[in-house]
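Now, the feature entries from TrEMBL:
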- Ile12, Gly13, Ala14, Gly15, Val16, Met17: NADP(+) binding site (BINDING)
- Asn59: NADPH binding site (BINDING)
- 8-102: domain 'Pyrroline-5-carboxylate reductase catalytic N-terminal' (DOMAIN)
- 168-274: domain 'Pyrroline-5-carboxylate reductase dimerisation' (DOMAIN)
Amino acid sequence: MTETLDKKIAFIGAGVMAFALAKGFVDSERVKKEQVYMLVRNETKRSLVEDLGYKSFQNIAGLADVDIVVISVKPQDAVQVLCDIRMVVDKEKHLLISICAGLSLDTLARALDPSALNRRICRVMPNTPSQVARGVSVFALGEGCTDEDRVTVESLMTAVGSCYRVQEKHIAAAGAISGSGPAFIFTLLEALSDAGVKNGLPRKLAQDLALDMVEGSAALARVEFGRRHFAELKDQVTSPGGTTIAGIAALERWGFRNAIIQAIDATTDRAKDLDC
């Protein structure tokens, strides 16, 4: 079992992802519930935080007593938040983790302290399946991060799924697959269930078949990973003149493979446009 971190964590912003991460950290015993804090100024949200057993505070001065600060606000608000907390966050004491899309390590560092860029800042891109501890996260470390910081980030993020360290220049492409990818899979699931209904299946049955098929296919691909290429697994399902190869031919005719590649390209390009 992974060792519990003796660290206090404060989330600035209490949105869906903040709650998902906090729950994952606590459920996996990475941190104790009493070590999780959330900075919230909305009274309704503050009540929710406390009802869930976390601690809340309304003043940034409370950050002085924590070890890890997670920036989980909307990207357009992040720079101002960093400017607001720069007098409280200590470069020796605090590890800062940003889960805000489109903000580079350099931008985060400059907002926090224009005169000292060598800060302990980590950029993490989690995804929505983190809500059920099946997420995929990618992260890049700032120049000021230590090896202990890397271990801490990996320990936290593996509490909600898998995580991979990447160079920051690869964040956009990696995030396109892991971060935006779930939306593409949900679209595929919707299309599969619609196709089932079109061909006479009850909606619920079509949805169950699509969900179980995607889950099982991913599980098989994981077991065979490194031994058999994805194309070999596809070939295993097809037979000469059979039904599956007819479907594959239709996918190729309508540009399915290229559509997926173009979707990742478009997502990556947009992420790079937003990166500042």
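Note that Cβ sites are derived from N, Cα and C of the backbone, with glycine treated the same way.
The shown structure was predicted, so the numbers you read here are calculated from the model rather than taken from an experiment.
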Next on the checklist: What does the DSSP secondary structure composition of the domain 'Pyrroline-5-carboxylate reductase dimerisation' (168-274) look like, as residue counts for helix, strand and coil?
Outcome noted: 89 helix, 0 strand, 18 coil
Checklist entry - Where does Gly13 (NADP(+) binding site) sit in the DSSP three-state scheme? => result coil
Checklist outcome for this item: Rounding to whole Å, the Cα atoms of Ala14 (NADP(+) binding site) and Asn59 (NADPH binding site) are apart by 15
Next on the checklist: Averaged over the domain 'Pyrroline-5-carboxylate reductase catalytic N-terminal' (8-102), what pLDDT does the predicted model reach?
Outcome noted: 92
Checklist entry - Within 10 angstroms of the C-beta of Val16 (NADP(+) binding site), what count of other C-beta atoms is obtained when all protein chains are considered? => result 11
Next on the checklist: Are there any residues at least 6 positions away along the chain from Gly13 (NADP(+) binding site) with a Cβ closer than 8 Å to its Cβ? List them or say none.
Outcome noted: Leu39, Ile71, Ser72, Val73, Lys74, Asp77, Val81
Item to check | Cα distance (Å, whole number) from the residue listed as 'NADPH binding site' to Met17 (NADP(+) binding site) | outcome: 21
